[in-house]
Structures are given as structure tokens and as C-alpha cells.
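The feature [2Fe-2S] cluster binding site is assigned by Swiss-Prot to 37, 42, 45, 77. What Swiss-Prot records for 3-93 is domain '2Fe-2S ferredoxin-type', and it gives sequence analysis as the kind of evidence. What Swiss-Prot records for 102-201 is domain 'FAD-binding FR-type', and it gives sequence analysis as the kind of evidence.
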């Protein structure tokens, strides 16, 4: 059995299967409702029901308060129709967003390598090509682990049927521990995607600043490769932050890109280099490297930030103090399952601040 859900004010009607959430059905039919966590904890996908019956699902009482439930508000990521419905949603349409349909795929692990002492690089061969926009992510289901995990795609969309992931081991994390200790080449995984609205605004030709920390390098790497491969002429800056030299992974890749593309700049920063690193580059946090490089004058750029929340917050503060407008800053916050247990989203948050 399926139900018809009409989304106002755009007037689009989608078909939602029994036991399927409104959000999942919408994304699979090319309607990109606003969302972030996908687990009922952040409230980004809140919509107003104007007609129909439904199961509100496992929405957090913090994300959907009792008074909102009484007003027939629901979270699209949790709500399952029990009749035809009409909802009102704030659908943000961006001309640069391609809106590829979310689909299910079977993936085979074809390569596993150590990118750093704490980060694995995983390459997957999919059962058919996937269309995605550089900066987006996939959800991965691991054997005998409840729920899916979100990981950003690190390779360029030009690699047909291939998905590269950078996965940091999280202390106590079931999925990342499985990846680091049990996953092997030849293993098969169920994935779905693409998800997310973290992407380059190509119609805006301002120079681009990418700021990445830890495994948050994955999305910027994909976006930078895509821009350079397409012949984009804007100046592209990558500021990569790490603790020490061992954690500064893929450095050789970006140093080669500097040689190959005159419009690409690479500025790595280590906040705690070891004596044996013999580090001569910038020492300090990555947001401090940005302020130092641009001498606190970042106006006239677009900025794309990806990494842990504390890095994102520091970088936003630095950029705005350096005269970059809020509308020109786009972020992807990496949160682990442990963060979710503390009441935050369990997946990456993708937003324009």
C-alpha cells in the first residue's frame, strides 16, 4: 500500500510506501526537503501537516515539542503516512544544486589503506554508476550494526561507479571500529545516496576557500578535484588542519595539484607537530592559518568548511572577523554516534550559516 503526499507550496505530489518516511520518499523522487540528521534529533526537517493521518515516529521531544505535535507539526525524517496527506514545507531551491535521486546500491570493497594512524581510506565499487554532486555523502549499513552511518564522498564525480571514503576511528564507535578492525577487501556493503546539500556554488565565481580538519578533508577533496578537472579558473585555497605530520594525510596529492594547476593553493597547518616532524610550515590551528594567510581580510571569497564542530565554530568566527559575509560561508559539521548519544545529530550536518 502507498499514500499520496502533496507538498505545498510547490504543489508536488510524491508516493510514499507503507512504513516509509516522508523524507526518504521525497529524496528518492527528487524533492529535496530541508534536513540534516535524518534521525529525528535536530528538527531541520520539521513540516506542517494540513490534512491526513500519520504516525509521528521516534522524533526527539527536544526536536519536536509537545506543543508542536498538538499543532500537527512533524519531522519528515520520522513521520510515516497512514492516509493521503498534505504538508507545508520550506523547500529551498538553489540553482547550483543538481538534486540527484537517492537510490540504493550494493558496494564491494576494492581497497583499504591507512591514510593516517587514525583514518582509513576505503574505495568501493558500486553495482552501477552513482550520480552525485561533489560534497555530498552516502549512508552505509555495516553487518550486525544497528542503523546506518553517514560518510562524505572523497573522490571526484568523474570516477564512474567508484566511491572513496575517509573514515576516522572513533573511540567506542561500533561502525568505525568495524571498519578499522574487521572490514576487508571483497566485503560487500549496502549503501544509499547521494545525500546532503554541501556543494560548490559554481554560478558564483568568487575565489573559494576550503577549510578542512581531520577526515573532514573528504568533501573538500571531492569538490576541489571536481573544480580543477572542469577547468574552473577561480583561485582555490585549501587550508588543511591536523595535529601532527602523521595525521596530515594526502599531502602529496595536494602538493602535486599545486604543480599541475596554477590557480590552486595549499596551506597545511599542524597544531602540535612532533620534534621528529621537522615541520617548517604553519604551526597553529587551521583557522589561525587562514587569518595569517589573508591578513584578516577574507572579503570577496566563498568559504566551505568541513570538520568537527569546534573547528567549524572557530573558522566561522575568524572568517566573519575577516570581513566575510555570513551568506558566503557554507559548512559541514562532522558528528559521531557518540555526539548523537549526547543529544546532538548522529550524522553530518550540512548547512549555509
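Just so it is clear, glycine is given a Cβ too, placed from its N, Cα and C backbone atoms.
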Binding-site residues listed as 42, 77, least Cβ neighbours within 10 Å: 42
Most crowded position, judged by CB atoms within 10 A, among 37, 45 as binding-site residues: 45
Average pLDDT across the domain 'FAD-binding FR-type' (102-201), rounded to a whole number: 97
Counts by DSSP class (helix H/G/I, strand E/B, coil) across the domain 'FAD-binding FR-type' (102-201): 8 helix, 45 strand, 47 coil
